[in-house]
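S.K.: Below is one structure. I have some questions about it.
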Amino acid sequence: MKIQDRSLLIFLVLGILKSDAFNTRVKRHAPIRFQRSTRQSVVHFEFLDQEYVVDLEPNHSTFHENFKVFTQDGPQIVPRDEYIGTVREPRAGRAVLTQLEENVYIGSLYFVDDTLHLEPSYPHQLSDDLGPVVGYFESDLDLNLDLSAMPVRNQVSFRRANPFLKHRRAIAIPSDRRKDVLNVKRNRCTLKLVADYSFYSIFGKNNTGIVTKFLVNMIARVNEIYTPINWDVGKEDDISGRGRFQNMGFSIKEIKVLDRPNASDSHYNSYSRIWEVERLLREFAFAEGSKDFCLVHLVTARTFREVATLGLAYVSYKKWDETAGGICSKQETFNGRVAYINVLLSTSFANSEQSTYPLITKEIDIVVSHEYGHAWGATHDPTIDSDDPDVEECSPNDQNGGKYLMSQYAQKGYDANNVLFSPCSRKLIRDVLIGKWESCFQEEMTSFCGNGIVEDGEECDNGVDTDNEFNCCDKFCRLAVGAKCSPLNHICCTPTCQFHNSTHVCLPGDSLLCKADAVCNGFSGECPSAPPVRDGQECLEGGECLNGVCLPFCEKMSIGKKSCICEDLELSCRLCCRDYNGTCAPVPGHVYLRDGVRCSKGSCRDRKCVNEVVDNVRNYFLITFQTTGGVLEFIKTHIVVIAIIFFTLIFVGIYKIVKYGENFTEKVTHKTAGGCRSVFVKADVN
């Protein structure tokens with residue numbers, strides 16, 4: 001699909017589905033055994049014979065300040081058990097967790113080289129109870145979805161040197177400009193999430209609280225993808241009085257849980273009907289679209305008539321006078337019915353010709369992030385075989401960095417561009433943000449003393465701890481008398497509020513990441529950077545350590561090349577390296593990539609590259625021409641415009657006929673008067 005097609009409706013379609021569901025897609029998984037902690041702000045669990053320790057703090061930024069939960073019976077009170085945190089052991093990372101019940105958490109742990117997902121086992125029929133949680137690493141997945149939109153090395157923020165020191169990162173803007181750059185504060189697209197009865201009954205186990213926690217954790221994970229992105233890269237000189245478009249994400253303003261099906265067969269919450277996805281989204285827009293939200297999202301667990309469809313969204317345009325759709329959409333009228341089409345939908349159930357099965361956490365993140373991206377204005381980068389003038393810049397070959405994140409084809413991430421947005425994608429979303437952020441984006445929930453983050457004006461912050469296990473920090477976020485630090489904020493701090501000595505290991509080493517143990521310095525609460533292990537030591541995926549960095553296999557000193565993916569489909573599933581002259585070729589020995597690893601146009605299966613994810617694209621206006629009723633609806637909706645065009649064409653036609661007649665008369669008059677040596681010139685009516 002070419003970028004100039006300016007598509008407005010995006011289908012995220014699963015091209016190839018496997019029938020053995022969870023165990024096929026997750027090659028290695030294990031139950032999680034959570035351990036009770038004596039401190040509310042710490043969670044312990046075991047996974048694959050390793051102990052994980054995560055320090056938690058409340059996750060406020062995912063919520064709007066007026067957050068509410070409704071069912072069909074009215075407003076509900078649901079406790080907030082959502083957290084972000086820092087992984088302390090076995091290695092540094094960042095966590096997004098939600099507590100389903102006591103000592104039961106779901107969410108994701110983001111490490112520099114992998115992500116650990118924790119999710120309930122009951123949707124996959126691995127258990128009938130709420131309690132059992134299954135864990136798996138992304139590296140053990142064999143998915144049929146594009147993995148390129150997920151957090152990778154350059155998109156997830158880590159503080160490896162000091163995972164306990166959680167100072168909020170502020171955008172560097174002079175204080176005299178802060179009051180003039182509202183978008184630095186108004187950085188959240190407010191959401192209304194509507195969970196229909198299918199999602200409520202299947203994923204929520206008929207419990208409003210569980211549904212709410214599922215949805216909040218989902219948006220928190222999506223924010224981990226969006227908020228690190230700087231949409232103004234290369235355009236900082238054009239900011240002109242506003243702040244940088246960074247830390248732009250989502251906040252939930254309202255959750256609506258439909259705890260029983262609607263009796264009307266035409267209602268979007270009808271449980272018996274099998275919907276066409278376009279019709280479902282349209283009915284949802286009539287019922288729930290609203291100017292009070294940036295986006296309104298239908299979350300369902302139903303399948304559709306269109307096999308393998310997982311989501312549908314309207315793409316946003318940068319100007320209000322252009323076609324409505326996506327974020328901050330204006331009001332539209334269809335056949336006398338008013339609707340706001342700032343709507344999208346996603347399902348948590350995959351449907352193939354062979355079977356249906358629930359998506360895993362990773363797949364849900366991809367579907368939702370993909371649809372939100374289109375709602376923000378992103379389309380696909382042009383394909384290499386297109387005639388788009390931007391194809392060279394936005395879809396470079398492997399020799400020039402590889403395909404970008406918004407490529408139509410999945411990428412593993414070997415090339416530099418695989419984790420970046422192309423100039424085309426950045427421009428599209430940036431243009432939409434420039435035109436619309438001020439109309440419907442709102443301020444991220446503000447911080448305060450007690451959120452576990454050491455911010456400007458604070459010396460410490462005990463966060464959610466309410467016990468008196470540590471008396472280093474008072475309720476005003478000031479250090480107690482005689483205290484030098486707080487162990488809840490500084491890893492090199494003892495329980496007696498003093499600095500650890502210079503032999504205390506504050507960050508265990510990880511040989512696979514080429515890092516040795518980091519030790520405290522004895523005069524600071526911060527943990528110094530971890531020193532490197534010896535050069536030449538083996539690290540991840542057959543790589544080699546050099547100056548504390550894990551070089552990929554192809555970049556080992558003994559090989560001296562670059563990692564790449566062979567573009568030739570016949571060679572794409574072999575281990576390839578790029579020579580200094582730019583040629584990407586397989587390494588000797590016929591070394592093949594394992595199943596599930598990304599290749600040039602999808603992922604490898606049985607040593608072949610299989611094309612997996614396709615976005616079927618249609619223009620929004622074409623929806624109404626699908627049927628005869630759609631044509632009549634379109635005519636009724638746009639009758640004034642059609643009438644103007646019709647009469648304009650008639651007027652132009654009459655004008656042309658009159659002008660032709662006048663010109664013909666002039667020529668005849670001039671010819672017949674020539675013998676009398678007189679010339680009759682007819683006045684030009686023009």
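The backbone N, Cα and C atoms fix where each Cβ goes, and this holds for glycine too.
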S.K.: With the disulphide bonds as Swiss-Prot has them, who is the partner of C527, out of C506, C514, C539, C545?
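M.R.: That would be C506, the partner Swiss-Prot lists for C527.
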S.K.: Quick one: Swiss-Prot says C440 makes a disulfide with which of C328, C545, C550?
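M.R.: Its disulfide partner, as Swiss-Prot records it, is C328.
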S.K.: With respect to Swiss-Prot, which of the residues N59, N663 bears the note N-linked glycosylation site?
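M.R.: Among N59, N663, the residue Swiss-Prot annotates as N-linked glycosylation site is N59.
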S.K.: Using the structure shown, find which entry in N206, N262, N501, N581 (the glycosylation sites) has the sparsest Cβ neighbourhood within 10 Å.
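M.R.: Among the glycosylation sites N206, N262, N501, N581, the lowest count of other Cβ atoms within 10 Å belongs to N581.
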S.K.: Residue list, the transmembrane segment (638-658) vs rest of chain: Cβ under 8 Å, 6 or more residues beyond ends.
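M.R.: Distal contacts: none.
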S.K.: Can you tell me how many other Cβ atoms are located within 10 Å of the Cβ belonging to N59 (N-linked glycosylation site)?
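M.R.: Looking across every protein chain shown, the total is 24.
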S.K.: Reduce the DSSP letter at N501 (N-linked glycosylation site) to three states and note it down.
M.R.: coil
S.K.: Which one is it: of the disulfide-bonded residues C328, C394, C424, C440, C527, which Cβ has the fewest other Cβ atoms within 10 Å in this structure?
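M.R.: Per-residue Cβ counts within 10 Å for the disulfide-bonded residues C328, C394, C424, C440, C527 bottom out at C440.
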S.K.: Which three-state DSSP class does N206 (N-linked glycosylation site) fall into?
M.R.: coil
S.K.: In the domain 'Disintegrin' (446-535), how many residues does DSSP assign to helix, to strand and to coil?
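M.R.: Output for the domain 'Disintegrin' (446-535) reads 3 helix, 12 strand, 75 coil.
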S.K.: Give me the CA-CA distance between N501 (N-linked glycosylation site) and C328 (disulfide bond), in Å, as a whole number.
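M.R.: Approximately 55 Å lies between the Cα of N501 (N-linked glycosylation site) and that of C328 (disulfide bond).
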S.K.: Measure the Cβ-based neighbour count of C506 (disulfide bond), defined as the other Cβ atoms within 10 Å of its Cβ.
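M.R.: Excluding its own Cβ, C506 (disulfide bond) sees 24 Cβ atoms within 10 Å.
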